Amino acid sequence: MTRFFFLTCALCSLLLRDSAYALETESSLTRELLESAKDSEFLDWLKSLRRKIHEYPELSFEEHETSRLIRTELDSLGIEYEWPVAETGVVARIGSGAQPWFGLRADMDALPIQELVEWKHKSKVNGKMHACGHDAHVTMLLGAAKLLQKNRDKLKGTVKLVFQPGEEGHAGAYHMIKEGALDGVQAIFGLHVDPSIPTGTVSSKAGPMLAGSGRFTAVIQGKGGHAASPHKARDPILALSMTILALQQIVSRETNPLEARVVSIGYVQGGEALNVIPETVKFGGTFRFMNSESYSYLKQRIKEMIETQAAVHQCSAVVDFMEEKLIPYPATINDPGMYQHAKKVGEKLLGEHGVKLYQMMMGAEDFSFYAQKMPAAFFMIGTRNETMKSVKGLHSPHFVIDEDVLPVGAALHASVAISYLDIHAEIK
Ligand SMILES: *[C@@H]1O[C@H](CO)[C@@H](O)[C@H](O)[C@H]1NC(C)=O
Ligand SMILES: [Zn+2]
Ligand SMILES: [Zn+2]
């Protein structure tokens, strides 16, 4: 017992001394990294990568050309990687190969949106657009790869660069983990562009940051007939109307007002003629929650509400949560230690006012799967610039990115990784 105590203390003081030293040396390296990334040749390279990816957006699990571009760049930087992981995913490795292993993550997929921004590098694929900035995420991680590779002799462990498919609703992160891509990785960091905060700033928070998300569709089966004789039919449209109202009560009447939950109906489809009661109607929506109890509760009550409301109106209902194909996302919960670590590095890079406190919202992000498995921190990185008009929200067809974010993200990725390895390097 005594011996154990002594050993622990000796380790503690070693660790403390080590990390204080590490923070000092890393401070100058951090600034150096940002300077390198802002160098005009480096910046031009980043912009050209981002624009290439932007011109050829690919949807979830179809990111074949994006994946190829990533591998080509890694090849030319002389960086080893594993591929394919989860269809199109790439996991690169920089450093000694020894522990600790630290993960940096970028998602690769685009959205089924028609770009409405008129500019030289507008999407060349009809109906597809990088409207969530994943083109910038890939670019910033490739930028980090270049910075890390240049400093590979200084790495006190290994950085794993995780390029994942299918963030937009398809749980790509879940599949990366399932295929073992994250085995052995001790902690992970991820960035998402954010047009609500200025370029050159980042924001995040410890603990809960984003919501968990599930989906459902339902079919209400009635009995079609002439609209003039409703008594001879079973009206599924009325049943649906009452069901939608009833579903709103789950949050307003059954949820502790201090707990965050959402149930929203996003589509309704039924009937074709003004004088016909249709046979069936379809509808669906999303529900948001902050923990697994809330998830189970919402799922059960949504099913009950739809089935019983249909029954009240002499109809029947089938509810589908589509979980085989569309795995629900857990809430994104940042590890307080990892958050503090990244915040400190961010402040060194961007100044004390460069790191803001994130206002929680009920959006969802599959980075949450990594955060379930290991200490993780997810940061938003600002792209707002009034001059550039990069002020439109994520998923807007008018979405524009201030490309000055690219060197900032690359340097932040690299610095967070380098200093994590410095602090957590095994004591020999
Ligand atoms: C916004 O963009 C313009 C044009 O590229 C640039 O001159 C300016 O410095 C940027 N402002 C900020 C706050 O980044
Ligand atoms: Zn998105
Ligand atoms: Zn996104």
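For all residues, glycine too, the Cβ spot is worked out from N, Cα and C.
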Listed co-binder of Mn(2+) (same site as Cys132, His134, Glu168, His395, source TrEMBL) among His192, His413, His424: His192
Reduced DSSP assignment, His192 (Mn(2+) binding site): strand
Reduced DSSP assignment, His134 (Mn(2+) binding site): helix
Cβ neighbour count within 10 Å of His395 (Mn(2+) binding site): 14
Additional residues around Mn(2+), ordered along the sequence, whose Cβ is within 8 Å of the centroid of Cys132, His134, Glu168, His192, His395: Asp107, Asp109, Leu111, His130, Ala131, Gly133, Glu167, Leu394
Neighbourhood of ligand 2 - binding-site residues from His134, Glu168, His192 with Cβ under 6 Å: Glu168
Composition by DSSP (helix, strand, coil) of residues within the domain 'Peptidase M20 dimerisation' (212-311): 42 helix, 35 strand, 23 coil
